[in-house]
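Novice: What TrEMBL records for 12-32, 70-92, 99-116, 128-146, 151-168, 174-203, 215-235, 263-285, 292-309, 315-337, 349-370 is transmembrane segment.
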Amino acid sequence: MNSSSFSKFLKIYGYDIVLGLIATFYVLAMPYTKVEESFNVQAMHDILYHRHHLDIYDHLEFPGVVPRTFIGALLVSVLASPIILVMSFLHLPKTHGLIAVRLALGCITLSTLRFFRAQQVRYKFGSQVEAFFVILTAFQFHLLFYCTRPLPNILALGIVNLAYGFWLKGDFYAALNCLIFSAVVFRCDMVLLLCPLGLVLLLTKSISLWKALKCCIGMVLLSVGLTVLVDSIMWKKLVWPEFEVLWFNSVLNRSSEWGTHSFHWYFTSALPRSLLAAYPLCFLGALLDRRVLPFVIPVFTFVLLYSKLPHKELRFIISSVPIFNLSAAVAASRIFMNRKKAFWKLLSIILIGFLLISLGCTAVTFMASYENYPSGYALKYLHQIGHLASNTEEQWVHIDPYSAMNGISRFCENDFPWRYSKEESIPLKEYQNRNFTYLINEHLLVEGYKCLFSMDGFSRVRPQLRFPPFLLIKEPKVYVHGNIKNEDLMNKNWPGC
């Protein structure tokens with residue numbers, strides 16, 4: 001490849017490479033998953049390794065509170081399957097498979113973000129706005145961290161990015177269809193984005209009501225048919241997953257059992273943490289460029305409507321970040337263009353300060369997140385040092401619910417002699433009557449077992465009056481115990497607790 005071809009390649013794909021490398025770094029540094037991702041990550045594992053043997057799929061033994069769709073897991077698994085095939089041939093650990101499926105999902109998410117950014121933001125607002133869009137996204141932690149995580153919100157985000165792209169392009173019916181599909185299949189709460197957008201398009205006479213109804217009803221029927229067909233087969237019963245989620249969260253209001261926040265939490269905590277420098281800039285962008293306001297208003301309304309639900313998490317509104325970043329990029333571009341003028345020069349200095357603060361916050365958040373998967377690291381370390389002299393006997397590892405929620409998935413399991421149990425509701429005193437070789441749980445003391453080692457996890461951030469200005473406080477989160485009846489195990493040297 002000559003220099004002109006290489007520079008042309010960088011001009012076309014340079015931004016994608018930057019964002020992709022950052023997302024890949026996050027995956028390699030933090031490959032493990034949390035409880036919110038458990039359904040999709042276990043589904044991907046079972047599709048790739050158990051294939052058509054549905055009876056041994058994880059979701060039939062541990063169905064969760066509400067069913068979820070298999071459509072996203074199937075798509076990601078198909079893309080990752082050639083890599084998994086090569087890994088199986090080379091006898092690589094299944095944790096490499098977890099990295100593969102997360103990278104496959106990241107490719108999907110960032111490809112749809114490219115459709116929004118490269119084909120629409122650049123075309124409508126210019127290459128300089130696109131450049132600042134990439135800079136702001138790269139300096140934020142959450143969007144690129146989440147884009148590879150197998151959450152229903154991220155599967156929906158890929159479709160929402162397409163909707164944003166069609167919206168900017170002026171293909172309004174395609175935008176509505178994308179949001180309908182994402183709401184019916186992946187996240188029913190996308191209705192809260194669909195309704196404000198549809199209302200704005202109707203009020204501005206960008207669409208006709210009759211044509212919108214015909215188009216949308218057709219997409220609803222198609223989407224419902226697809227999810228019911230696929231998920232009824234996978235769940236072995238007639239089911240529309242997102243309807244059950246809607247009923248559970250909105251009608252029964254059961255989601256509040258997982259914690260609640262005040263009405264303003266998204267605006268005073270979630271958005272400032274996810275947008276960082278882009279948060280104040282997005283409001284400025286809407287004031288400076290009237291072309292931005294019609295795009296910001298429906299997304300802002302989406303967050304406002306979502307604030308009515310008491311149970312709140314940052315990932316619920318992650319799909320609002322691209323539009324807010326667009327508005328912020330418009331403001332940053334305007335500041336940059338006018339940087340030689342007196343007032344704008346001050347704003348440009350403030351902008352640089354905001355970007356540096358964003359970079360620092362992202363570094364701190366990364367370090368905290370790195371320490372947030374203690375049970376994944378504990379199981380990995382156990383696999384490294386826990387082999388016993390007798391390799392002909394099975395070594396049973398019991399994983400308690402806390403450990404299963406904080407880093408351990410089916411991808412973390414090894415082959416014989418390792419065997420695993422996630423049996424729930426075992427009383428603490430009952431473990432001594434079980435024949436488990438190892439326990440991974442949140443308890444320091446368990447009768448009949450010796451604590452072999454512990455794994456620290458993130459606890460809190462403590463400010464201090466020296467460099468660095470923040471100190472990450474860690475404390476033991478997960479303990480690995482060994483059965484005292486096993487002589488081989490007791491004769492080994494362990495780090496201790």
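The first residue you see is number 1, and the count goes up from there.
Every residue gets a Cβ built from N, Cα and C, even glycine.
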Novice: Who are the chain neighbours of the transmembrane segment (315-337) in space, where the CB to CB distance is under 8 Å and they lie at least 6 residues beyond its ends?
Specialist: 36, 113, 116-117, 121, 125-126, 128-133, 135-137, 140, 142-143, 146, 151, 153-154, 156-157, 160-161, 164, 189-190, 193, 266, 270-271, 274-275, 277-279, 281-286, 288-289, 292, 295-296, 299-300, 302-303, 306, 344, 347-348, 351
Novice: Any chance you could find the range in 70-92, 128-146, 263-285 with the most Cβ pairs under 8 Å to the transmembrane segment (215-235)?
Specialist: 70-92
Novice: Hey, which of 70-92, 99-116, 128-146, 174-203, 349-370 has the most Cβ-Cβ pairs under 8 Å against the transmembrane segment (12-32)?
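Specialist: Comparing 70-92, 99-116, 128-146, 174-203, 349-370 against the transmembrane segment (12-32), the winner is 99-116.
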Novice: Considering pairs 6 or more residues apart, do the transmembrane segment (263-285) and the transmembrane segment (174-203) have at least three CB pairs under 8 Å?
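Specialist: Not in contact, no.
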Novice: Pairs of Cβ atoms less than 8 Å apart decide it: which stretch in 70-92, 99-116, 174-203, 349-370 has the most with the transmembrane segment (128-146)?
Specialist: 349-370
Novice: Could you pull out which residues elsewhere in the chain have a CB under 8 Å from any CB of the transmembrane segment (174-203), counting only those six or more residues past its ends?
Specialist: 69, 71-72, 152-153, 155-156, 159-160, 162-164, 166-167, 209, 212, 215-216, 219-220, 223-224, 226-227, 242-243, 245-246, 249-250, 294, 297-299, 301-302, 305-306, 316, 319-320
Novice: Using a Cβ-Cβ cut-off of under 8 Å, list the residues of the same chain that are 6+ residues beyond the ends of the transmembrane segment (70-92) and lie near it.
Specialist: 40, 43-44, 47-49, 100-101, 103-105, 107-108, 150, 152, 155, 185-186, 226-227, 230-231, 234
